[in-house]
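Database features (TrEMBL):
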- 26-49: transmembrane segment (TRANSMEM)
- 42-291: domain 'G-protein coupled receptors family 1 profile' (DOMAIN)
- 61-83: transmembrane segment (TRANSMEM)
- 103-121: transmembrane segment (TRANSMEM)
- 142-167: transmembrane segment (TRANSMEM)
- 195-222: transmembrane segment (TRANSMEM)
- 242-261: transmembrane segment (TRANSMEM)
- 273-293: transmembrane segment (TRANSMEM)
Amino acid sequence: QMRRDNQTTPTGFILTGFSHFPKLQVALFVLFLLMHMVTLAGNLVIMVVIRVERGLHMPMYLLLGALSFSELCYTFSITPKMLSGLVSGTRAISFLGCAAQTHFSFTFGFMLSFLLTVMGYDRYVAICHPLRYSTLMTSRVCIQLVVASWLGGGLLGLLVTCAVFQLPFCRSHQIDHFFCHVPPLLQLTCAGGEMVATVVNILCMTALLGCFLLILLSYAFILGHILQMPSAEGRHKTFSTCASHVAVVVVHYGCASVIYLQHKLPQAAGASALTDVSYTVFTPFLSPIIFSLRSKDLKNALWKSLRK
């Protein structure tokens, strides 16, 4: 540690999230490793199939490829360090490593929300304005929306990281979590932690709720359009193109809501880490499975690629 003006700047932190459950560590390591491998394989397969199959070179699948890439990056920012802490007991992380992990986890987390919002808009245009779809959602527009999502996520991630890591840390440097999560980090600060926590909460809630409301708006128009269709078969076929996106949005925001609400309640040591696994490990694990199973074109392209 270095001391300047009676304030302590840590050279690193200790992640103690799963140390409260010593008997579960081997089982958790095996479970999380298997889920991590499935997450990586699923997202990589989706990206490769979309890249190889020319029939999938359309905005809907280009956005899915961008989502899979963001989920890969999000997973890599958290899971490897978590697994190393479980298997070897090496829970130390440097100050810069902790800042980088916080930045990338927030950056790719925001990216996922923005891309899900863009995918909702894509489905709205495809269903409600099919004749104008090719002009409203060109490949260029699609790429611009993806780049805007990545830039927006990067900017918000940088703002959160700078706000947290400019604070002085003068208490225990043991983070009661399995990665450099902001709430337990702010508990270690000497001053300014409450104000930064409020700012970060407002920023996250504004971005997440804004995205969620835009998705709801897209589906309100989609639902209105579907209900006007005369045939039940037509309604079912139209909605089936949205089913995978709806399922991922429900999982994404459902887990995010559980995590936000549980931080408002008193908890036993380590309970927060176990709950946060639902968003950091479980959601990325489910997403490629849902898209692979629910998307008929993607499944057909996958089997076609495997036969080749």
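Along the chain as shown, the residues are counted starting at 1.
Note that Cβ sites are derived from N, Cα and C of the backbone, with glycine treated the same way.
Heads up, TrEMBL stuff is auto-annotated, nobody curated it.
Sequence-remote contacts of a segment are chain residues at least 6 beyond its ends whose Cβ falls under 8 Å from one of its Cβ atoms, and for the transmembrane segment (195-222) they are 110, 113-114, 116-117, 120-121, 123-124, 127-128, 156, 159-160, 163-164, 167, 182-183, 186, 189, 242, 246, 249, 253, 256, 260.
Away from its own ends, the transmembrane segment (103-121) comes close to residues 60, 63-64, 66-67, 70-71, 73-74, 77-78, 145-146, 148-150, 152-154, 156-158, 160-161, 179-180, 207-208, 211-212, 214-215, 218-219, 245, 248-249, 252, 280 of its chain (Cβ-Cβ under 8 Å, at least six residues beyond either end).
Here the domain 'G-protein coupled receptors family 1 profile' (42-291) has a mean pLDDT of 86 out of 100.
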